[in-house]
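Report on one structure; see the data block that follows.
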Amino acid sequence: MAFFEAKDIIKQYAGHKALNKVSISVPKGSIFGLLGPNGAGKTTLIRIINQITGPDSGVVLFNGNPLVPNDITRIGYLPEERGLYKKMKVGEQAVYLAQLKGMNQKEATKKLKVWFDKFDILQWWDKKVEELSKGMQQKIQFIVTILHEPELLIFDEPFSGFDPINANLLKKEILELRDKGATIIFSTHNMGSVEEICDHIALINKSEKILDGPVDQIKKKYRTNTYELTYTGEFDKLEQVLNPDFEIVEQQKGIEHNTLTVKLNNGSTSNELLAQLLPYLNIVSFSEIIPSMNDIFIRVVNENKKI
Amino acid sequence: MNKIFIIIKREYLSRVKKRSFLILTFLTPVLIAGIYAFMIWMMLKDDTESRTIAVINESQLVEPVQSKDFTTFKYLNDTSFEDAKAQMEEKDYYAILLIPKNILESKTAELFSYKQVTMEVKSEAGSQLRDHIEQLKRSKIIAQANMPDLEEKLAATRTPISMKTIKFGEGGEVKQSSTEIAMAIGFISSFIIYMFIFLYGVQVMRGVIEEKSNRIVEVIISSVKPFQLMMGKIVGVAMVGLTQFIMWVILTGIIITIGTAVVLPGVDMDSLQQAKTLSELPQGAASLNADQLKMAQDLLGTFDFGYVAGILGAFVFFFLGGYLLYSALFAAVGSAVDNETETQQFMLPITIPLILAMYIGFAVAKNPEGSLAFWGSIIPLTSPIVMLVRIPYGVPVWELLLSMVTLIGTFLFVTWIAAKIYRTGILMYGKKVSYKEIWKWLRYHN
């Protein structure tokens, strides 16, 4: 079931542990978010997957088999620190990078032209890289990463350096690749993008994995039983009306409507809350506040700090 | 591995196609040929400035100095030294030669001038006077002795000796050798090696820094091993160096051949004339000429095929060995820094042995058998340069082999170390790296 698996990875640098018994399991055809603050160890883990560096202990399984050097042709990697030879021509360089991934020159050229056309940069084929805008260079890097149709794609902070339009284009392409069957590992500290496209996540902080699972389950797990309602009518003295199980988190006066945020404690239900409030208020809307991944991220990291 | 060839190809082509490479490759031979031509021109031209030298002859000698080539001796009779001095500017005399009354006893003549007289004028006047007086004395003796054919007999006693240097070969056979040419070959080849290690070692370093600062290095090492990238670069740059060197040799050869073919017919006349005037010179100069001729023959004699092939083979081996050893170090330095200005602290341990090697080379040229020569040509950091100085003089086979094996061994070891530094260094950004830090990297096991 798991297409890619890392088990109990330990990686130690002199006097500093980069990864401490980290395990992740990436299901086939999913988009897996590798999250964590800067310096948590994400890039080290990714480099281990790419065989740029090796783990001190632990195993990396690719489709059930231990990782072998030849697997790099089945992996596409877009590093966070990425660039191109500035003095080299665009097309020539793309073909070179494709050849290093094991493609032959003819095949690479043919495929590259298709992708260049799709991304509307074909007219830059014979230009030098230094003449290109940063966005265009990023497009080329993306194309080179996926050109050899790898089964596993690894993007390290893919959206950094992209303008919103190109970021959207990239997102669309990533989802399309997933739909075509590729498995994708996605490393970032930008939580917004995680919610939109990731199916699974693992959260790494200070060299240890502190949370993982499917995104919807994690969200469910970290919900806080907090509800928000907008209403008209009575504003003050609501505390006296509600029984102690209902904790008022926040109350705001608006121009048209007031808002009230209430946390439900001790197993009380939303129906009970509504029943208590109805006699006093005219309710406009009522909804549960679902924590964003950003909130969960900050919360888990902070909880971990205390321990 | 196929991939290392792809890397070598890129490293090679991207450099060879650069305008600076083409300019350097084609311009240098023109420059060398130009310097060569200039030197020939200077030599043939010699000193063509016409000079008139006033001669005040107070002695009994009859016109002991004769005008020759561009130097005119003008005898001023009945002119006092003071008058001659006063006329110098007006009559455009270069100098005044004063031959005193008692020259046969004092053996001294005086040459007065405002400017320092040239060597040529001085020696011309001196040798003519000497020869004249010698001839005079000899004639007197011959006349007194009253012996038939004494003049011819005396001439026959003149025996110029040319010293051939002959070296015993390994098998005891004798080889003609020339100290001068051995020295020249040793110096030129070791200097070429020195220059290429520097030039192309730094190119390797720059290439590594470029990849690092462009941030392309991680993209590449997700496809190939860092070691492959490093070696691909080193080999690719080595081939660029060899290409350039071969082009230089070929182009310089072509230019000089064409140049001499075109210019020589004109030049030949001049040099023939010169040879004629040389032979007219009194015996001293003529024997010197014979010596030179002898040396040229020696040089030709030295050029037997085995000798040249041996030197060439050693040159290629130590050229490559030295380059590979040093460029691996240069690559390691490049990987440890973020930009070229930071390289200085790490460059020192690389440049010092190189420069030291060149100095040892100078010393070894004087004494190619001493212990400095031995150790300098065995220790691999200096051996590529020092050994090349020694080889033309002949080096025992076992020493040569020991030096080669040590060089290969050290190259492998240094490359292994450099690869360790390299593979950590290329992924380190924005960090001021110290020697301590590098020591730590060596102990990482990737």
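Even glycines carry a Cβ here, placed using N, Cα and C.
Heads up, TrEMBL stuff is auto-annotated, nobody curated it.
Some features that TrEMBL has for this protein:
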DOMAIN    B:19-419  domain 'ABC-2 type transporter transmembrane'
TRANSMEM  B:21-44  transmembrane segment
TRANSMEM  B:181-204  transmembrane segment
TRANSMEM  B:216-239  transmembrane segment
TRANSMEM  B:245-267  transmembrane segment
TRANSMEM  B:305-326  transmembrane segment
TRANSMEM  B:346-365  transmembrane segment
TRANSMEM  B:372-391  transmembrane segment
TRANSMEM  B:397-419  transmembrane segment
**Request:** Determine which recorded stretch among B:305-326, B:372-391, B:397-419 has the most C-beta pairs below 8 angstroms with the transmembrane segment (B:346-365).
**Result:** B:372-391
**Request:** Using a Cβ cut-off of under 8 Å, list the residues of the same chain at least 6 residues beyond the transmembrane segment (B:397-419) that approach it.
**Result:** 170, 226-227, 230-231, 314, 317-318, 321-322, 324-325, 328-329, 331-332, 374, 377-381, 383-384, 387, 391, 442
**Prompt:** Same chain, outside the transmembrane segment (B:372-391) by at least 6, Cβ under 8 Å from its Cβ: which residues?
**Reply:** 186-187, 189-190, 193-194, 197, 310-311, 314-315, 318-319, 321-323, 325, 353-354, 356-358, 360-361, 363-365, 399-400, 402-403, 406-407, 409-411
